[in-house]
Amino acid sequence: MIIRTFIATSFAALCATSALAQDFQPESPECIAPANPGGGWDFTCRQVGKTLQDLGLIPGTMQVVNMAGGSGGVAFAEVVNKRSDDQDLIVAASSATATRLAQGAFPGNTADDVRWLASVGADYGVIAVAADSEIDDLPELMEIIRNDPTSIAIGGGSAVGGWDHLKVLMAAQKAGVEDVRRVKYIAFEGGGEAVTQLLGGSLQAFTGDLSEAHGFMASGDIRVIALLAPERLEGEYADLPTAKEQGIDAVGANWRGFYVPGDTSDEAYDYWASAVSEMYASDEWQTVMQTNGLAPLDLQGDEFDAFVKSSITEIEDLSREIGIIR
Amino acid sequence: MDTLASLADGFAVALTWQNLSLALMGCLLGTIMGALPGLGPSNGVAILIPLAFSLGLGATPALILLTAVYYGAMYGGRISSILLNIPGDEPAMMTCLDGYPMAQQGRAGEALALSGIASFVGSFFATWGLVLLAPQLVKVALLFGPAEYFALFTLAFATLGGIASTNQAKAAFAAALGLGLAMIGVDAQTGVTRFTFGEVHLYDGIDFLVAIVGLFALSEVFVFLEHRSTDADGDTGKKMEIGKLYPSWSMIKSCIPTMGRTTILGFLAGVLPGAGASLGSFIAYSSEKRICDRDGTFGKGDPRGVAAPETGNNAAAGGALVPMLALGVPGSGTTAVLLAVLLSLNITPGPLLFTQNPDVVWGLIAALFIGNFMLLALNIPMVGLFTRVLLVPPRILMPVVAMISFVGIYGISGSSFDLMVMVAFGVLGWVLRKLEVPLVPVILGTLLGNAMEANLRRAVSISNGDWFTLADSWLSIGIWLVAIVGFILPIFLGRVFRKKMDDEYEKELSD
């Protein structure tokens with residue numbers, strides 16, 4: 001009798017668990033964009049939310065909440081401290097988040113405080129010059145920097161020590177520039193502003209993401225001298241030479257993806273990971289990626305978690321080497 | 001003629017019943033959002049993005065709705081500036097200076113109607129500027145390097161003296177305070193935090209909106225509370241009259257030259273991605289004060305002081321669309337939001353937008369024209385309605401103001417920390433009012449300080465520490481000259497004028 005009850009209850013419990021695994025449904029799905037409307041994180045939330053809804057992968061509409069502050073730090077702290085068990089929540093993140101975490105710029109928080117969910121694509125870094133520039137390729141640019149670092153001002157859309165800056169430094173390091181700290185980097189608010197200054201002649205080179213450079217590249221205003229990808233991309237970007245093939249082995253991908261609160265249950269975590277994974281595979285998302293210059297980066301769950309953590313270690317080492325952190 | 005033909009196509013796209021009703025809805029919502037302190041054009045547009053998506057609108061209708069909200073908010077910001085001395089959004093700040101005195105003189109209706117007309121003129125001609133000059137204007141934006149931007153911001157501060165205050169030293173103190181407040185947060189050039197005391201909420205600096213609502217709206221409430229405890233009846237004798245609802249033709253006529261000049265200035269300020277609508281309205285006001293304030297009536301309820309900033313900021317709103325569409329570089333907070341909308345509609349603004357998506361661009365421009373006419377048609381008859389706010393006794397109005405301030409700020413940021421910052425600014429505003437320090441320069445310092453500093457440092461680091469780079473092009477030398485003249489001239493002229501006024505005063509006495 002007792003045994004029967006035991007079996008029955010455990011069976012019922014088992015059913016309940018498996019039902020939960022299949023049937024976890026967020027009641028009011030929410031995506032926090034840790035910045036004001038208009039930026040990359042906002043774009044990630046809105047575009048993914050819209051595609052998930054269009055494909056019927058989530059019930060109802062994804063509510064996008066903008067929580068600007070501290071380059072993502074305010075949202076990170078909020079999620080860790082106040083909403084760590086919110087199962088309906090995903091938060092947009094990118095390489096910038098990893099960079100901040102690596103440099104200890106989110107006081108009191110580390111990458112282990114949240115669960116890294118999935119990536120939805122990557123934006124490879126580019127180094128570009130104005131169309132009428134005399135610089136032909138990356139080795140030439142690096143040669144000039146090696147001889148006289150003061151003669152080249154490179155602009156990008158992130159702060160000093162941010163991802164756009166680090167990409168150039170990585171390339172410079174691989175190209176044999178001895179004191180990378182002397183590379184002259186000028187910070188702008190957004191890649192678009194930096195490109196404008198490149199066209200106006202205030203800057204000699206631009207470092208940013210392919211998506212930022214895309215429009216100006218197509219119109220012929222700027223020339224990409226190096227794509228920081230492991231190999232050439234397909235389609236309309238096939239002409240872009242990688243840094244690697246020019247003998248400078250630097251790869252810089254600005255991934256876009258999500259994390260979820262640290263106490264998200266495994267059921268909810270799996271639900272969200274598979275929803276994003278299914279969305280990633282859809283034709284709709286492939287179109288979005290194409291029109292926005294996003295390159296493939298298809299990682300979910302534990303794989304993505306490991307990827308983020310290893311990239312944080314890498315950024316930490318580089319930042320220490322160039323003296324941004326001690 | 002090509003342009004006009006494309007524009008006609010644009011109208012063909014925009015003139016459907018659905019689009020017209022969307023534009024009407026957008027204009028109404030935008031005006032309301034602009035009028036509420038705290039909710040400005042950028043939040044207004046951001047709030048309506050989900051609505052546009054959930055209605056399943058296509059690219060053009062969605063843009064029509066959102067730009068109508070954008071223009072509507074630019075119109076609406078002036079309403080609370082004039083009636084309550086509380087700017088509805090950043091660019092409407094300058095409208096307080098003459099708008100509120102006009103309302104106190106019982107000319108609120110005239111001020112509202114006049115500013116409505118000024119807004120229309122500014123945005124109407126700016127939209128034409130967008131149509132005809134967009135490709136050329138891109139080149140203007142390219143002329144401005146960091147050094148030129150720095151000179152431009154210096155110009156803004158050099159002409160600050162005397163605005164909103166009779167005491168230049170107090171104005172300078174207020175500006176310095178604002179610049180100091182702007183330094184709070186992560187320094188974008190080096191990533192180092194300044195004055196944050198380890199508080200993550202301060203990393204992005206102080207939000208202008210929080211500062212504005214605190215300084216203007218809450219301090220107004222505090223001033224009221226203070227008087228209430230001393231005055232037994234609680235009514236501080238501020239009986240407002242509504243007066244005439246519509247300005248006389250001669251008043252409009254006297255403002256025409258002002259509107260003409262400030263349209264151009266505001267539009268150019270809008271075109272420069274680093275400047276934006278606030279600088280547009282500010283430069284418009286201070287230049288008009290220089291040009292036509294011969295009798296010292298600016299700041300005391302001069303209609304031209306209402307027309308100038310309103311024309312300027314609405315022209316800048318149109319101008320800001322130029323770099324957004326043609327370069328993909330937003331010229332203001334709101335255009336940054338619109339840029340995001342375009343991106344999520346799979347339209348990439350940039351050099352190729354005009355050739356790749358002509359229907360979207362011209363539909364958008366046609367929508368701007370339509371929205372503009374609608375706003376004029378909506379705003380003028382509604383003046384009578386708006387002015388009734390003045391009849392609400394302060395003991396009811398002030399709690400409402402306080403409530404809207406708290407709800408508005410919490411609604412944007414969702415952070416209780418911002419509410420505390422806002423209260424702190426309210427207290428600061430109250431103290432500054434007691435000391436008769438003008439509030440406008442504080443906000444200007446906060447608003448422009450970061451961009452000014454960033455451009456100075458960019459310019460100097462590009463030139464490897466050579467400070468002469470700041471005056472290294474004809475454009476920057478020109479701006480510097482105007483700044484220096486604008487700074488020095490009033491000191492001498494002021495002395496002459498004051499002497500003349502004293503003489504006249506004495507003559508009157510002796511008569």
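Including glycine, each Cβ sits where the backbone N, Cα and C put it.
The annotation domain 'DUF112' is assigned in TrEMBL to B:20-444. Per TrEMBL, transmembrane segment is recorded for B:20-39, B:45-71, B:111-134, B:140-164, B:171-188, B:208-225, B:263-285, B:324-348, B:360-380, B:400-428, B:474-493.
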Discussion item. Test of understanding: applying the rule of at least three C-beta pairs under 8 Å (pairs 6 or more apart in sequence), is the transmembrane segment (B:20-39) touching the transmembrane segment (B:263-285)?
Written reply: no
Practice prompt. For the transmembrane segment (B:324-348), could you work out the same-chain residues 6 or more beyond its ends whose Cβ comes under 8 Å from its Cβ atoms?
Written response: 40-42, 45-46, 49, 52-53, 59, 62-63, 66-67, 70, 73, 134-135, 137-138, 141, 270-273, 275-277, 316-317, 354, 357, 360-361, 364
Discussion item. Checking distant contacts: for the transmembrane segment (B:171-188), what same-chain residues at least six beyond its ends satisfy Cβ-Cβ under 8 A?
Written reply: 157, 160-165, 194-196, 202-206, 211, 432, 437-450, 452-454
Worksheet entry | Recorded stretch, among B:45-71, B:360-380, B:400-428, maximising Cβ pairs under 8 Å relative to the transmembrane segment (B:111-134) | B:360-380
Item to complete: Within the domain 'DUF112' (B:20-444) only, compute the mean pLDDT.
Response: 80
